[in-house]
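Participant: One structure coming up, written as structure tokens, with questions to follow.
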Amino acid sequence: MPKKIVTRFSPSPTGFLHVGGLRTALYNYLFAQRNKGQFLLRIEDTDQSRRVEGAVENIIETLEAFGLKPDNKKPVVQSERLKTYRQYAEQLIKDGQAYYCFCTPQRLEQLRQGQQTKKLPPRYDGRCRDYSSDEVEKNLATNQPRVIRFKTPKTGQTTFADAVRGAVSFDHQTLDDQIILKSDGYPTYHLASVIDDHEMDISHVIRGEEWLPSTPKHLLLYAAFGWPPPQYAHLPLLLNPDRSKLSKRQGDVAVEDYLKKGYLPEALLNFILLLGWNPGTEQEIFSLKEMVQVFKLEQVNKAGAVFDTKKLDWLNGHYIRQKSPAELTSLCQPYFTAAGITADKKFLEKVVATEQQRIRTLAEIVEATRFFFEQPKYEAELLIWKRMTGREAMANLKRLADELQTIEEKKWTADYLEQHIQAFIQASGARVGEMLWPMRAALSGRPASPGPFEIAGVLGKKETLKRIEHAMQLLDGHN
């Protein structure tokens, strides 16, 4: 009977969840869901010095916001399992697979500097590896600070089949006698990860390429414990457009940063799906349900995936256009509030609808629509279409204002305004641009904006006429 598929997402709480971590979580979730397995969450907090307050809560909340809910109600937390790791580490000592190391930090630093001078790779020299039992007992009796190191074989290779990369080999001579239990009683990532994966029945370890060099260390630990290892799959690196590695230090890689900028969870998830995975078709838009149906590990690429924000903007724009006006307005509300803009909900819906086809992120809505909430500031030159004079622009605005004055408020809609004014322009023999450019500029104060009828329909009759009057005052005396 085939082993049940169980995957895990195991972030360290050293910061808020970043896009690379979200991709790892997504791929693990999709693989488990597609194979009717389990997706589990584990918090790897063995490096207490780098722990960031609130990071665990952020990780859990972010996963839920993106629909990637783990199957374990409470995550496995490594700092709560120290006794278990110590017992396993001491068992390796009893089995001759590990040893106590009493070397001081000063000695290890001198060793490192000496190797650096000789241009040798930094590596532990094995001084404590072959201590006699008497020497070990003597140091233990005097309570000397110590770590536990794994006895890495000095010869041979570790070879494994990676689900993404195929056969991968590492020569044991390139590996160190890794520390598996630190002097403070905390395990290193390597020991804790292997023990937890075994006890959680993890069948597939799907993680970033940066963990590839750690895999032989993990496989040697599995062999030392006599446990069958999981299937490994190492995902390609995320790259900047210049093909440098996407890094936390460059900023704007935290998922929260993208959400604050107004990227929708479904757009970000869709974008991240395509960073290293190819469906083999032309399809680019995927719901989470569709992702589960089509995702296969075999379709994950080896080559690094370029983080193209233009593609993200395009996807986000697509998802913004799928929202109802009420839904989109609700999503935009925090941005208006932060900008100090307050308005009636129905008015806001009309305002947001004017830009729904154009904005790429929710955060763009404020600047795109600011002129709806305040009299725009602009120079008189903006009101003049091509080779018109200021007097001509002013005359055209006066004709428009007089005609708009005749329209009843109950008929004041974008559609009716367009129908009525277009007929008026045609009957007058004027050019459309010479009439509508000044009107649009007067209402928005911008060279590019929604159409004049769309804006007027939202502003209402009184505000529309007021703005046209203001424009005529600007043009007064402008030749």
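The backbone N, Cα and C atoms fix where each Cβ goes, glycine too.
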Participant: Of the ranges 130-134, 170-174, 245-249, which one does TrEMBL list as motif ''KMSKS' region'?
Facilitator: 245-249
Participant: Motif ''HIGH' region' per TrEMBL: which of the ranges 11-21, 66-76, 143-153, 209-219 is that?
Facilitator: 11-21
Participant: Please report the number of other Cβ atoms within 10 Å of the Cβ of Asp130 (Zn(2+) binding site).
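Facilitator: Neighbour count, Cβ to Cβ under the 10 Å cut-off: 9.
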Participant: What is the one among the binding-site residues Cys101, Cys103, Cys128 whose Cβ has the most other Cβ atoms less than or equal to 10 Å away?
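Facilitator: Output for this query is Cys101.
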Participant: In the domain 'Aminoacyl-tRNA synthetase class I anticodon-binding' (327-472), how many residues does DSSP assign to helix, to strand and to coil?
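Facilitator: Each residue of the domain 'Aminoacyl-tRNA synthetase class I anticodon-binding' (327-472) counted once, the result is 105 helix, 0 strand, 41 coil.
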